[in-house]
């Protein structure tokens, strides 16, 4: 499922940075976004249902956070805020969203920049260190104006989601629209993380992080599930369009770690089994204990084969995702070409309309002053006129100029 993502922000916070485009709520897009921003060891996986059986499967994973797509709502208060209690948010990296359509990247960064174990790479490490003392609004401004983040985000915009990089007033004047996005449903990304014994909701449109229920490392997924179910109930049936994605430890890393452990166990088991079979006395003792080494060894070999099959399946999925991203990036270049062509055409129309309008206004102004161009002159008005001939003395073509116009022209030429 994909959605066109747009959001609204406080006009007072509008950034001076470049244009951010809409992105699709696709795990493939977000996985590519992770890689482009230099994060290693993380993977985006879509959560298809909030049923307990489905959600409990993620308890077997290392979950860094959740990205939730929903229709944008207004200001939200936590329980402690509503009771007038202060909340310590000093350990939370939180940035306000200061420009539309940046919420996808911002939600992702809200998770990875708050993870103590993820390898976020040199670019994000430097960014986090540089902005660590900023307030939420300044963090948002820094994030919005980061060229690398913006280019990585925009490169993953789908062909039909990309907006032309033109000034909004210019587009409105050409299209005759007061607001091009009036008919668009305003969707927004929100992040959920576990820190300091609580689940936190990190929504860039809110002034600060929202602290939810207390929990442990073992129970925080249940808290997120309950919170999401409660929030989804606040929407009507026609508004119920949601996407939930989990940021987890890269399954490829997990499977290879498991495979390495199984191979070590298999090698030890084979070595022990060979040693026992070579020692008749030890073999008799092991038979009395009811131990047989062939069966456990074969079981491990079968498990290794199963893990290798999982890795192969995962690799096929990664190849499919990469193909999808390559198509998206190809569409990116095609979209740029389309919009540049449209820009040139619209600019030409706009310029022609402007020139026509200017000529009409000038003509109206001349009429109001009693001067009408191209009107035949009387003999009295022709007095004092000079004749400017072409280079060909025998030519019948000439240009009539008033004395003042003639003198002004000479002065300009000088």
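Each residue, glycine too, has its Cβ placed from N, Cα and C.
Listed in TrEMBL:
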ACT_SITE  188  active site, proton donor
COILED    304-338  coiled coil
COMPBIAS  358-369  compositional bias 'Basic and acidic residues'
COMPBIAS  370-388  compositional bias 'Basic residues'
DOMAIN    19-249  domain 'UCH catalytic'
REGION    357-414  region 'Disordered'
SITE      97  site 'Transition state stabilizer'
SITE      203  site 'Important for enzyme activity'
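Features as recorded by TrEMBL, highlighted on the structure.
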residue	record	Cβ within 10 Å
97	site 'Transition state stabilizer'	28
188	active site, proton donor	23
203	site 'Important for enzyme activity'	27
Structural state of residue 188 (active site, proton donor), classified by DSSP into three states:
strand
Across the domain 'UCH catalytic' (19-249), average pLDDT on the 0 to 100 scale:
82
What's the CA to CA span in angstrom from residue 97 (site 'Transition state stabilizer') over to residue 188 (active site, proton donor)?
11
